[in-house]
Structure formats: structure tokens, C-alpha cells
Amino acid sequence: MMSEEASGTVMGNKERIVTLTLEMIYLLTGEHYIPRKKSDDGGALHAPGSVIQKENNKNDKKILELMSNIIQLLTGEEWGCLKTNTISHGETKKENPQQLYLPDCDYEDKADININLNATVCFDNESNTNVDKGANRWEARNVPKSEFLPEEQPCAANSIKEESELCKAEYRPDCSFNPLGKQIQGTDTPTANVGSSMNSSLSDNYLLKTIKEEPDSCEEEKLSDYKIITVSEPVAEDQNPAPSCSQNNRSLPNYVSNTIKEEPYDEEHFSDYRIITVTDPTQVAGTSPHSTENGEYDSSMAACTSQLSKSALNVMFNCNVCHTAFNNKSNLVRHQRIHTGEKPFSCSECGKCFRQSSQLFLHRRNHTGEKPFSCSECGKCFKWRSLLIKHHKTHTGDKSFTCADCGKCFKKFSRLTEHRKCHTGEEPFVCSECGKSFAQSPQLDLHMRIHTGEKPFSCSDCGKCFTQRADLNVHRRTHTGEKPFTCSVCGKGFTRRTQLNIHNRIHTGENTFTCPECGKCFTQHSHLLAHQKGHMGKKPFCCSECGKRFRQSTQLYLHQKAHAGEKPFTCAECGQWFKLYSILVEHQKCHTGEKPFSCSECGKCFKRHTLLTEHQRIHTGENTFSCSVCGKCFTRHSHLTAHEKIH
């Protein structure tokens with residue numbers, strides 16, 4: 001009779017523990033599960049109820065009370081430390097680890113079972129533990145830490161025995177050992193599966209759960225994951241197999257996930273309900289994820305973890321032609337078009353093909369004329385950003401590239417490279433027609449147009465053609481009247497920079513070109529050549545109308561206008577016509593009374609510079625023109641001509 005009452009009490013306690021456990025799971029996950037007995041086909045199903053929204057920080061006290069009742073039913077003793085929220089059980093039991101003798105068991109070999117309150121160890125008589133990677137995360141703040149220790153060793157005493165030393169690192173059948181050391185809840189990490197050599201019946205399993213309070217500063221992500229699995233069919237051992245390594249004939253502990261397994265309820269097999277929690281040891285400061293309980297480093301575990309991380313991460317895509325690695329498959333596809341020559345993007349206007357859509361997008365600007373990049377200084381627009389950057393250097397005057405030989409600076413490195421050939425004398429580009437060499441390829445291309453007679457650039461106003469675009473741009477200034485180069489002294493404008501440089505010699509008095517016959521100096525080389533023809537008596541330019549010869553082509557051009565009677569330049573004041581524009585300018589000074597040329601000796605002013613030069617000979621006494629008959633000298637050539645008529 002007493003045995004039946006005791007048996008009924010035990011089964012009542014078991015049913016009470018199951019009820020309290022499921023209620024605690026409901027508070028943690030918000031899911032309600034109802035246990036069922038095994039059906040005829042051996043399957044067990046759970047009927048989830050309505051899922052409610054979890055409320056953070058409100059169920060902690062209720063969970064503590066439920067766990068205290070469960071432990072009281074298991075051990076027959078009430079744990080007072082669970083009633084406080086300030087001291088975690090792991091901290092109070094850390095210095096004095098206790099041993100647990102579970103009730104209603106026969107303790108045969110009297111071996112002590114050590115409990116590490118900071119570890120999580122799962123005992124199972126199966127060789128492998130299923131890894132559930134899909135554990136649902138429950139996000140409740142300050143929920144107490146759960147550590148479950150299912151004991152498989154039969155025991156007789158219903159008491160807790162304190163022991164002075166911890167379990168050793170070896171895997172003893174009478175000792176629960178966690179090689180991962182201290183752990184923090186909330187992540188999926190490996191948990192040791194120890195005690196597989198214990199042959200006790202599954203019905204003798206009991207559940208011990210310790211509670212550890214987390215401070216208020218705990219974040220939601222640090223809390224454990226829970227999930228209920230209905231074990232209706234045998235779980236294949238090769239599902240999600242855990243990697244194993246061997247070192248010193250010791251196997252790596254199996255990996256398990258943060259799951260709660262729900263197995264069919266039986267009156268004789270209460271321990272079919274097994275709760276397993278796994279925490280992450282890597283989040284504890286000062287601990288290693290591959291260290292054992294006594295602080296030793298487990299190299300076998302580290303090697304397997306490293307191998308897993310390399311296979312799961314670092315996924316690279318390699319080109320099978322040049323073996324270039326890419327971290328994105330789309331980049332590999334674009335790269336392989338270089339080897340295959342594929343150009344899938346074609347322009348609808350001209351049919352030109354491109355490897356990338358971005359290249360086609362930029363190409364379309366040639367047809368649309370779009371210039372989205374504008375200069376903030378002058379407002380000039382460009383199609384490409386690179387052209388805008390180069391243009392900005394014209395405003396800033398930036399010349400980053402300097403020649404090491406002469407110190408000349410350039411805006412582009414290509415210009416510096418071309419300039420260096422002047423110092424080295426290198427002229428690798430040779431004309432096949434005449435053998436002339438050039439330092440740059442564009443110079444050779446321009447030179448070849450002399451032989452071919454090609455003039456691709458034509459003026460839209462007069463139709464005149466030119467071999468270079470620069471010559472065409474200069475020519476257009478004659479139609480527009482643009483003179484961008486201005487003298488800083490007198491303000492006179494010129495269409496070319498070379499003309500401005502020659503004009504500046506008038507103000508500086510520089511006469512670079514000197515006649516070797518008479519010593520006369522000239523500011524331009526063309527003037528010196530024309531002067532030297534006077535000494536030689538050479539007059540190569542002949543008029544086809546009257547046969548008169550001239551030393552310069554400009555003189556012949558003006559003479560031919562006299563035969564044609566052409567006088568294109570007209571004075572707006574008096575209507576007089578002139579052959580040359582320069583003569584018209586001098587004539588207009590008669591109407592304005594302007595005499596810009598003054599004598600520095602007497603202050604007399606003249607309309608022309610030639611008149612001032614003749615006047616200055618009076619002060620200097622210079623008589624340049626002398627009579628060949630009597631030797632009389634004159635300051636003007638006209639006076640000498642009149643004198644010669646006397647003889």
C-alpha cells in the first residue's frame with residue numbers, strides 16, 4: 001500500500017514537473033504545448049496553442065518561481081537563492097561546487113557526480129546529437145540563464161554533497177565535464193555530449209535546472225534560443241553531422257543547438273522530456289572558445305572550427321582562364337567577357353557594341369550631345385569628368401609634372417614624356433617618303449599630309465582648307481575679328497601668340513636678327529631675309545602683267561592690285577579707296593588729327609613712324625643717302641632722287 005502511494009506521489013510529481021516546465025516554456029517563447037501519450041504508430045504530436053506577443057521583463061519572477069518548484073519536486077529541497085534577483089546561482093556556487101544525489105534511485109558505485117553550475121552538459125545514451133540550426137530566437141531581456149544537467153547515473157541519496165575539488169578534465173563516466181568552460185547564453189555553440197558509456201535506463205533520467213540572473217544591462221541578443229522538437233521518429237545520425245577530430249584518441253564533443261526536445265510522454269518514462277541549452281563561450285572576456293574546463297587549449301576543436309569557418313566563408317569565384325579571383329559572381333561574368341570577346345550591349349544609333357552597360361551609357365552622350373559636367377569658373381561643359389578635371393588646371397595653373405633637365409612644368413604626364421625627347425634627341429618616328437624623323441607620332445601624321453596633300457579641315461565661311469585644326473581655328477579669327485592676344489603695353493591685339501611676341505620686341509628694343517652685310521637689325525627673321533635680297537640684287541617675284549620684279553611676295557601682291565584697280569579699303573569720312581588696310585589707317589589720322597609718334601629731342605609729332613625716323617636724322621646729322629656722282633649726302637631718299645636729276 002505504501003509502495004502504491006509512493007508510486008502515485010512520484011508520478012504526480014512527474015506530471016507536476018511536466019506541467020510547470022511547459023508553463024515556463026510558454027512564458028519564454030509564447031507558445032503553448034500540450035503533451036500527449038504515444039499513439040499506436042509510435043508517433044507523438046504536440047498541439048501548439050495560440051501564440052502571443054512576448055512581454056519583456058515581466059515574466060522573470062514567474063519563471064523563477066516555476067523553476068524553484070521544479071527543483072523542489074526533484075530534490076525535495078527548496079533553493080533559497082532563487083528568490084533573489086541580485087545574486088546569480090552560478091556566482092554563489094562557484095567556490096563550493098556541489099554534488100547531486102537524485103531521489104528514488106539506487107546509488108550503486110557511490111561515485112560522486114560533480115555539478116559545474118557555470119557549464120552546460122548534456123548526457124544522452126545516443127552516440128550523436130542532432131544539430132538543429134533553425135532554433136527560434138526568443139528576445140526577452142533579463143531572462144534568467146538556464147543550465148540543464150540530465151543525470152544518467154543512478155543514485156540513491158536525495159541530498160547534495162559538497163566536494164572540495166572539481167571534476168578533472170578527463171572524460172570519466174561518473175563525472176560531468178564541459179570542455180567549453182564558462183559560457184554566455186544566446187548563441188549557438190558546440191556543447192559536449194559526455195557520458196555515452198553510461199548504461200542506465202532512460203526512465204531513470206532526471207532534470208536539474210539552475211537559474212542565473214542577468215544584470216539589467218544585458219542585451220536582448222544575449223538570451224538563449226529555445227525550440228520544441230517532437231521526436232516521433234528516430235533521428236538519422238547523419239543529419240547535420242558535427243565535425244570530429246582525433247587527438248590523443250579523444251573525440252571532439254558533438255555539436256547541439258539551443259533546442260528543447262519534446263518526446264512522447266509515458267507514465268514510466270518521464271525523462272523523455274529533455275531540455276538542452278547551449279551558450280557561446282566566445283563572448284566571455286578572458287576565455288577561449290577552444291579551452292577546457294581547467295584552462296587547457298584544445299587544438300583539435302580549434303582545427304575543426306577553423307576548417308568549418310573556411311568552408312562556410314571565403315567563397316571566391318575564380319576565372320578558369322587566368323585564375324583571377326572575385327568575391328562576386330557578377331564581377332566574374334563581366335571579367336570573362338574579356339576572354340570571350342562578348343559585347344552584349346549595342347548602340348541603337350551606330351551599332352557599336354560594348355562589354356558593359358555603363359560603357360554604352362557613356363557612349364550615348366556622343367549622339368545626344370549631353371555634357372553633364374560643367375566648369376564652375378567659366379561654365380564650359382564636358383562629356384566626361386576626366387576632361388573637366390583637366391580643364392580645371394587651366395584656371396588653377398596647376399602644372400604637376402616638371403622636367404628634371406630644364407625645370408619646365410607641364411599639366412599632363414604625356415606632355416612631359418614628349419618633352420623629354422628634346423633632351424635625349426630621340427626621334428623614333430621616321431617618314432617613309434623623305435626619311436625625316438620626329439619625336440612624336442602626331443608630328444609624323446601631320447607631316448605625312450604634306451606628301452598626300454590631305455587637308456581635312458575646311459573653313460565654313462570661305463571654304464579654305466588646312467592640314468591642322470589649329471590652323472583652321474586661327475583662320476576663323478579673321479572672319480570673327482577675334483584677337484585674344486593683347487599687348488600689355490599698348491593694348492594692341494593679335495590673332496596669334498607669335499605675332500604678340502614679335503610685337504613686344506618693339507617696346508623692348510630687342511633686334512634679334514642682324515644683317516651681316518650692313519649690320520642693320522630687324523625684329524623678325526622674314527624682314528632680314530627680305531633685306532638681304534637687296535644686297536644680292538635678287539628679286540624673285542615677278543609681275544605677270546608688266547614684268548616688274550620684287551624682293552617680297554607682299555610687294556608683288558600690292559602691285560598686282562594696281563593693275564586690277566582693286567581698292568577694297570574705303571575711308572568712311574571722305575570715301576577715298578586704298579589698296580592696303582595699313583594705308584587706310586594712316587589716312588584716317590588726317591581726319592582725327594592723331595599724331596602718336598613724337599620726337600624726343602624737339603617734341604615734334606608725326607602721323608607715321610617713318611616720318612619720325614627721317615626727322616631724327618636732322619638731330620643726329622646722319623646722311624644715309626649720298627650721291628654717287630658728287631658725293632652729296634641727304635637724309636631722305638626722295639631728296640637724293642631729286643638731286644640726281646640735276647646730273
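Even glycines carry a Cβ here, placed using N, Cα and C.
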Subject >> Given ranges 107-129, 153-175, 429-451, the stretch to which Swiss-Prot attaches the annotation zinc finger >> reply: 429-451
Subject >> Feature zinc finger in Swiss-Prot, mapped to one of the ranges 41-63, 202-224, 225-247, 317-339 >> reply: 317-339
Subject >> Residues of the parent chain within Cβ reach of the zinc finger (625-647), under 8 Å, 6 or more residues beyond its termini >> reply: 614, 617-618
Original post:
Who are the long-range neighbours of the zinc finger (485-507) in its own chain, taking Cβ under 8 Å and residues 6 or more past its ends?
Top reply: 474, 477-478, 523-524
Subject >> Positions on the same chain near the zinc finger (569-591), where near means CB under 8 A and six or more residues out >> reply: 558, 561-562, 607-608
**OP:** May I ask whether the zinc finger (541-563) has at least three C-beta pairs under 8 Å with the zinc finger (513-535), counting pairs 6 or more apart in sequence?
**Re:** yes
Subject >> Same-chain residues near the zinc finger (541-563), Cβ under 8 Å, at least 6 residues beyond its ends >> reply: 530, 533-534, 579-580
Original post:
So what's near the zinc finger (597-619) in sequence-distant terms, Cβ-Cβ under 8 Å and 6+ beyond its ends?
Top reply: 586, 589-590, 635-636
